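Engineer: Below are the features listed in Swiss-Prot for this protein:
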- 146: active site, nucleophile (ACT_SITE)
- 21, 126, 127, 166, 167, 168, 169, 177, 207, 208, 209: dUMP binding site (BINDING)
- 51, 169, 263: (6R)-5,10-methylene-5,6,7,8-tetrahydrofolate binding site (BINDING)
């Protein structure tokens, strides 16, 4: 995961100090890209231990179209707790936009189901896109989508994915986002009878929070370790049928976890 450390180093060297919504302050650059060949291993950061359980459960939660944190809490995942209301609701966030984007005629659009159908029917399409950024509903969301749009691309029997992340919390958020969309790519590839290709991460406002600098500098002193392998249950051919038990991470070795505060 040298690519990730290079991003962190780039922001430490070239970032501009900016105020932000949380009042914490950030060091930020605009526009950055990282590429990960999924044949070389699963891109889970090794220079600090990452909580894969949270990544998998959150992705499954998105794919079910869920916007209440009940499922997450039942599975020991607390990453959305700070934004939920007293009933656990988050408003029309990722899962709602992915699976139930409201159409003008009162019906809803299942972007994920449409995406799968299009990959199978017309893999050369340039419209293999899912958007979570719905301007009409942004104000109703507990937190507007940071990872706002992703596109798939099929070539030579391989499926690649590019994510556009408008707001990138480099220390805490980005390692999760890379792993989550890399995993989604593996899952979609399996159910569409394709091989995984590349995951490409494109960031807009890429920032380190002012209270994450010490942690980032510590992480930059660590040498990346070999990437692990992610194994999926080969029997699963329906994207919405995947369960937590269908994933096995093999060979994950990482440096110790580095604690850092979340900016809310």
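Here the Cβ of each residue, glycine as well, is placed from N, Cα and C on the backbone.
It should be emphasised that the depicted structure is a prediction, and the values quoted were computed from it without experimental measurement.
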Engineer: Checking the recorded positions 51, 146, 263, which are within 10 Å of residue 207 (dUMP binding site) at the Cα level?
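Structural biologist: If one measures from the Cα of residue 207 (dUMP binding site), no recorded positions come within 10 Å, so the answer is none.
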Engineer: Sorry to bug you, but what's the C-alpha spacing from residue 167 (dUMP binding site) to the residue listed as 'active site, nucleophile', rounded to the closest Å?
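Structural biologist: That comes out at 5 Å between the alpha carbons.
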Engineer: Whole-number Å only: compute the distance from the Cα of residue 263 ((6R)-5,10-methylene-5,6,7,8-tetrahydrofolate binding site) to the Cα of residue 167 (dUMP binding site).
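Structural biologist: Cα-Cα distance, residue 263 ((6R)-5,10-methylene-5,6,7,8-tetrahydrofolate binding site) to residue 167 (dUMP binding site): 13 Å.
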Engineer: Cα-Cα, whole number of Å: residue 167 (dUMP binding site) versus residue 51 ((6R)-5,10-methylene-5,6,7,8-tetrahydrofolate binding site)?
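Structural biologist: If we compare the Cα positions of residue 167 (dUMP binding site) and residue 51 ((6R)-5,10-methylene-5,6,7,8-tetrahydrofolate binding site), the gap is 21 Å.
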Engineer: Would you mind ranking the recorded positions 51, 127, 146, 169, 263 by how many other Cβ atoms sit within 10 Å of each Cβ and giving me the lowest?
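Structural biologist: Counting other Cβ atoms within 10 Å of each of the recorded positions 51, 127, 146, 169, 263 gives the minimum at 127.
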Engineer: Show which residues of the chain containing residue 21 (dUMP binding site), separated from it by at least 6 in sequence, have their CB under 8 Å from its CB.
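Structural biologist: Sequence-distant Cβ neighbours: none.
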Engineer: For the binding-site residues listed here (167, 207, 209), tell me which residue's CB has the most neighbouring CB atoms inside 10 Å.
Structural biologist: 207
Engineer: Based on Cα distances to residue 51 ((6R)-5,10-methylene-5,6,7,8-tetrahydrofolate binding site), point out the closest of the binding-site residues 127, 169, 209.
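Structural biologist: The smallest Cα gap between residue 51 ((6R)-5,10-methylene-5,6,7,8-tetrahydrofolate binding site) and any of the binding-site residues is with 169.
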